[in-house]
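What Swiss-Prot annotates here:
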type: REPEAT; residues: 14-53; note: repeat 'WD 1'
type: REPEAT; residues: 59-98; note: repeat 'WD 2'
type: REPEAT; residues: 103-142; note: repeat 'WD 3'
type: REPEAT; residues: 148-187; note: repeat 'WD 4'
type: REPEAT; residues: 192-231; note: repeat 'WD 5'
type: REPEAT; residues: 244-283; note: repeat 'WD 6'
type: REPEAT; residues: 295-330; note: repeat 'WD 7'
Amino acid sequence: MKGALELQHRVSAHPDSRCWYVAWNPAGTTLATCGGDRAIRIWGKEGDSWECKCVLSDGHQRTVRKVAWSPCGKYLASASFDATTCIWKKTDEDFECLTVLEGHENEVKCVAWAPSGSLLATCSRDKSVWIWEVDEEDEYECLSVVNSHTQDVKHVVWHPTQELLASASYDNKICIYKEEDDDWECRATLEGHESTVWSLTFDPEGRRLASCSDDRTVKIWKESTTGDGSSDESWKCICTLSGFHGRTIYDIAWCRLTGALATACGDDGVRVFSEDPTADPEQPIFALSAHVPKAHNQDVNCVSWNPKEAGLLATCSDNGEFAIWKYNSA
């Protein structure tokens, strides 16, 4: 390993509870965390420490599983086990709950904004993916409900530049969606993992998709042209990283600034992989660049790269804390 992860901060964010997710705002100056205590906490740096700026505790009745900032940074979406998604609007130093999106039958596992900020995707244990549209008056409308998975849907992620959506599920599959005639459809199903697919991340250009799974592998998928003129997407697995993780890989994040790939694992470890720039793009080679075996003393649930500062990585854990690391590639 030629790189290193250096711990910069460790913060008890959700005491006596799991910290499920940590998300940087688009400016890279603020963090949002969520947990089993039903709360969302907003964090800012003061001097050399991270301080809680506000607590959003009145939006959900159960665990908050995921938080996502809008591309403009003025809104925060939260997905909860109470089957709702809350949209929060930033007002000065506080946030107000603007609207509650209802419709899922069970726990909402993930929420994600499209790069345009005008579309939102949610997914749930009810096996469905919902696409929502937001207008200039902050009104949210469900455009489409897609039932392409046969089990709990764990994760949704948008392509960085296109209105293309990917989802990961307990059914071991990944689905790729595009809009067709005002309706959203599954255009490709990616099969290859042997167990639950927990998370997905696109590379900075959106040409490749990385997935992580309960089968302890990371797979890299690349869009390939079908050549038959059909409108369906075709994606193939061009690389599998195996033998690096001791337990389930819960999250994966591709750094937009450096191209480094980070993973969060049930063995309490955080790992960063770097790509060999000399390798064939159709057969990429990723090497383990940095590994902190006990990054947290319980499962690591999330890895999140700062969008503005290269190499700054946030992680969070079942022990209720989040940590900030500095990744140095060499």
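From the backbone N, Cα and C atoms, a Cβ is placed for every residue, glycine too.
Residues in the repeat 'WD 7' (295-330) partition by DSSP class (helix H, G, I; strand E, B; coil) as 0 helix, 20 strand, 16 coil.
Taking residue pairs at least 6 apart in sequence, the repeat 'WD 4' (148-187) and the repeat 'WD 7' (295-330) share fewer than three C-beta contacts under 8 angstroms. Residues 62-63, 65-72, 77-85, 87, 89, 148-161, 163, 165, 167, 169, 175, 177, 184 of the same chain lie 6+ residues outside the repeat 'WD 3' (103-142) yet bring a C-beta within less than 8 angstroms of a C-beta in it. According to DSSP, the repeat 'WD 3' (103-142) comprises 0 helix, 21 strand, 19 coil. Helix, strand and coil counts under DSSP for the repeat 'WD 1' (14-53) come to 0 helix, 24 strand, 16 coil.
For the repeat 'WD 4' (148-187), DSSP puts the residue distribution at 0 helix, 25 strand, 15 coil. Per-class residue totals from DSSP over the repeat 'WD 5' (192-231), listed helix then strand then coil: 0 helix, 18 strand, 22 coil.
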